[in-house]
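Step one of this worksheet: look at the structure below.
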2 protein chains.
Amino acid sequence: MATGRTHRPATRSRGIPEATVARLPLYLRALTALSERSVPTVSSEELATAAGVNSAKLRKDFSYLGSYGTRGVGYDVEYLVYQISRELGLTQDWPVVIVGIGNLGAALANYGGFASRGFRVAALIDADPAMAGKPVAGLPVRHTDELESIISDNGVSIGVIATPAGAAQQVCDRLVAAGVTSILNFAPTVLAVPDGVDVRKVDLSIELQILAFHEQRKAGEEPGQGARTAASRSGSARPAAAAARDGRKGPDGDVPAVMPA
Amino acid sequence: MATGRTHRPATRSRGIPEATVARLPLYLRALTALSERSVPTVSSEELATAAGVNSAKLRKDFSYLGSYGTRGVGYDVEYLVYQISRELGLTQDWPVVIVGIGNLGAALANYGGFASRGFRVAALIDADPAMAGKPVAGLPVRHTDELESIISDNGVSIGVIATPAGAAQQVCDRLVAAGVTSILNFAPTVLAVPDGVDVRKVDLSIELQILAFHEQRKAGEEPGQGARTAASRSGSARPAAAAARDGRKGPDGDVPAVMPA
DNA sequence: CCTTGTGAAAGGGTTCACAGCA
DNA sequence: TGCTGTGAACCCTTTCACAAGG
């Protein structure tokens, strides 16, 4: 059948487990904040708290990068920021294209965290001719016809898809054919890509559904009090709570999406 | 400070592993598409392909829900749609509030997949007085002052935060105090919440950084082996030169986000 | 003392492979 | 015959607990 690949070649390269890689950005953010406050060193305990994980996990994660800490003291903030940035490949600048400039695409284009950390929006692309030339976040929107040339001219290897579900696969195919090897997909569809291409997805409705699942459980076993009904009020129910972690996968098509491309 | 829970008595929920719960929405989407095409039954193999997972995993997942399939035949589409919807708590309507109506908030408000399955946007809330009353996606934007009353009047238990990072924790606290027990956070911050409250986060820059990590690896070892994909030129991994951005600037847990709340 | 770094134990999740049944 | 449902193996991740070392 259709490829359906969404895998990664096994990231065998040199250790570092996926779960750890997924947390490095979190550590980096916390460290950057400390750095701005000119904090020289942090303990695994403090940093872990700031990043929302537990210290054992953090130390284990860092152990995969090397021994960057000092026993009895902690980690040097600046040094760690550098090491993690390097590990994540953020010491270089990655040009990115965003396809589908609707509300979502515009929001992404305006997103500050973007430009600030290793990424640069090389171009905004939309299929609507009426959008062409219109400035969004300081950049003129380019028409889809130019997609291929934009990618090769700028050496873009990362693409963001913010089109409606119906256009996603088509856009994806063109991006890949033009040389993009990493895709961040906001459209609620399972993208089929050849081996060697990484796809990560962000799906609003999936997240909401997962929350609804847990919410339902809470309502179902409300302690004492009577009246509950879905969404009555009642603060915390049973700590049947949570696990907010990240689960990745590829959704499939249906749900109307967010914007025109 | 401190991230609320760090420990959980183990997902006692009611059997169903977290990983499975995270995939149910995928199956549901694929099934809904089949349902619309009036396909009566589907095999684990077909459905798995449509959902982007492998059949063994899918069958194992379904086994936690019960034995809804027929050996030698497959699964009844309509029946499964119902069972999964029920399991996810989508047979009831969940009122949701979106706080922070900038580009992102507006995109979320316009998101069709929302209303279509179990969720209903009860209100759009923003801190900017100028926004008050302005219609977005057919709903008038309400001012933050009304947050508490909106939540209790509508029995809202799920809230979406699409504000800048700086306002997120504060908004979160108010939501929780007002009775919200599930939060979907789009702001790049670690939210601290009391036990019993679920938080899931969607973070653009984290996803991009993870992609960059893998992209960097690809660039590093570009194996001769042609035909590694449809991606014509392996010119992938072509980080533009560039040192980086200016020293300071404020990329961090305080990244200028997407919109005002 | 203090905190890191890490073997080893414990838990989940994924995959295998086949028994069981329509 | 064909496909589901599932025990068991396997593998990845998290947690524990302590030795190592500033």
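From the backbone N, Cα and C atoms, a Cβ is placed for every residue, glycine too.
If you check TrEMBL, you get these features:
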DNA_BIND  B:26-65  DNA-binding region
DOMAIN    B:89-190  domain 'CoA-binding'
BINDING   B:Gly100, B:Ile101, B:Gly102, B:Asn103, B:Leu104, B:Gly105  NAD(+) binding site
REGION    B:217-261  region 'Disordered'
COMPBIAS  B:226-244  compositional bias 'Low complexity'
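Of B:Ile101, B:Gly102, B:Leu104, listed as binding-site residues, those near chain A by the criterion of a Cβ under 8 Å from one of its Cβ atoms are B:Gly102, B:Leu104. Sorting the DNA-binding region (B:26-65) by DSSP state (H, G, I as helix; E, B as strand; all else coil) yields 30 helix, 2 strand, 8 coil.
For the binding-site residues given as B:Gly100, B:Gly102, B:Gly105, the lowest number of other CB atoms within 10 Å of the residue's CB is seen at B:Gly102.
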